[in-house]
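In what follows, a single structure is set out as structure tokens and then discussed.
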Amino acid sequence: MMPGQRLQDCRSLHLNEDNGRFALLAVLIILYLLCGAAVFSAIERPSELRAHGRWNGTLLNFSEAFNISLQDLNSFLREYEAANAAGIRAGALRPRWDFTGAFYFVGTVVSTIGFGMTTPVTVPGKVFLIFYGLLGCAATILFFNLFLERIITLLAVVMKAVRERRIRNSGILPPGIRHDFSAYSLPGWKPSVYHVMLILGLSAITISCCASAMYTPVEGWAYLDSLYFCFVTFSTIGFGDFVSSQGAAYEYQSLYRVANFLFMLMGVCCIYSLFNVISIVIKQVLNWILEKMSCLFCQRCNKANVLLGRRNAIRPGSKGRQGRLGQQPDSDGPCDSDTEGRRLSGEMISMKDLAASNKVSLAIMQKQLSESANGYPRTVCGSSRHNGFSGGVGALGIMNNRLAETSNSR
């Protein structure tokens with residue numbers, strides 16, 4: 001079998017990149033869930049058993065002290081649980097379904113936080129919630145995506161201004177360059193995705209710490225509980241064990257509720273942007289893993305590598321070997337270029353190749369940040385197959401388009 005035909009058969013055996021990435025991510029998420037379940041079970045299960053023991057002892061003592069059967073006592077507790085679900089509490093709490101309470105509720109619905117402390121109990125309310133949430137959640141996700149674009153644009157402008165100021169102060173720029181950095185672009189410079197991730201992470205930490213400093217004295221929570229509430233809320237997990245602004249009255253109540261709303265809005269937007277940036281890095285890691293695994297189980301690729309005679313040798317896609325085979329280079333093949341051939345073959349790669357791979361993995365955010373700062377037109381390539389991405393929706397769709405442009409430009 002000719003080497004060229006062997007390589008063509010090798011390409012036909014490769015797993016579809018999109019399906020491979022999806023399957024790999026699904027496996028990693030399942031492993032992540034199993035590890036998380038094991039950790040939380042080991043941490044929380046003993047406390048749950050102790051709480052059950054204390055509660056059973058309390059019920060038994062109460063039943064004996066007041067001569068009430070356990071059956072009647074449990075029936076009373078079920079009635080209390082139903083009242084609790086309807087928003088009735090033993091302490092003094094704000095009304096759940098006045099206008100301000102209902103506004104707080106719909107805010108948790110459209111933001112997908114869903115604390116669960118207030119839920120509709122009537123049939124018309126449940127039916128209306130289905131249609132209201134369908135439209136409201138979609139509109140809020142669109143708002144978050146537009147916020148993501150603008151926060152990235154702002155960060156790009158600020159980071160480019162800082163970069164240019166440092167260069168200007170160092171005396172590298174020619175004397176004729178105007179001080180308006182929007183009229184001048186730094187050739188070859190792109191902000192790092194890790195810098196954006198760091199800035200968003202620090203912003204989320206700052207907002208959470210400031211909000212916790214407000215919640216601790218006002219709500220009477222421990223500071224660590226306030227931080228826990230901020231993460232659960234800003235990430236839209238919304239367990240409902242801690243819920244802010246539920247008291248019947250607060251000192252400076254109007255000011256507190258406005259501040260609570262602003263902190264939640266800023267926190268949710270910031271964490272949403274941070275999650276999207278982290279997801280881009282995760283997708284790049286998945287691409288790197290797939291590249292390492294693409295030829296690992298391909299026996300013909302491994303046989304072809306044996307013929308090369310040494311590690312890190314040039315693949316058959318190189319100019320010299322391709323010239324001898326009388327074949328034209330194929331840029332779409334999985335094992336064509338020198339660097340890609342070494343990475344996909346399972347052979348050892350040099351530190352230079354590893355650094356180049358890491359540089360390419362940053363391109364998805366760098367391209368967008370650079371274009372946002374320089375004001376370039378956002379043209380979207382018609383095909384993103386060259387880079388391992390295939391479209392997408394929402395924030396990831398925006399990033400995938402940037403990645404397609406980056407791949408074609410390279």
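A Cβ is built for glycine as well, from the same backbone N, Cα and C atoms used for every other residue.
Bear in mind that TrEMBL entries carry predicted annotations, made automatically and left uncurated.
Small disclaimer: the values here were computed from a predicted structure and weren't measured.
Marked as transmembrane segment by TrEMBL: 22-43, 102-123, 129-158, 193-215, 221-243, 255-275. Annotation comment: TrEMBL describes 95-151, 206-283 as domain 'Potassium channel'. Summarising the annotation, TrEMBL assigns region 'Disordered' to 315-342.
Within the chain, the transmembrane segment (221-243) has long-range Cβ neighbours (under 8 A, six or more residues past its boundaries) at 108, 111-117, 204, 207-209, 211-213, 215, 263-264, 267-268, 270-272, 275.
Averaged across the domain 'Potassium channel' (206-283), pLDDT in this predicted model comes to 92. Sorting the domain 'Potassium channel' (206-283) by DSSP state (H, G, I as helix; E, B as strand; all else coil) yields 57 helix, 1 strand, 20 coil. Helix, strand and coil content of the domain 'Potassium channel' (95-151), in residues and according to DSSP, is 41 helix, 0 strand, 16 coil.
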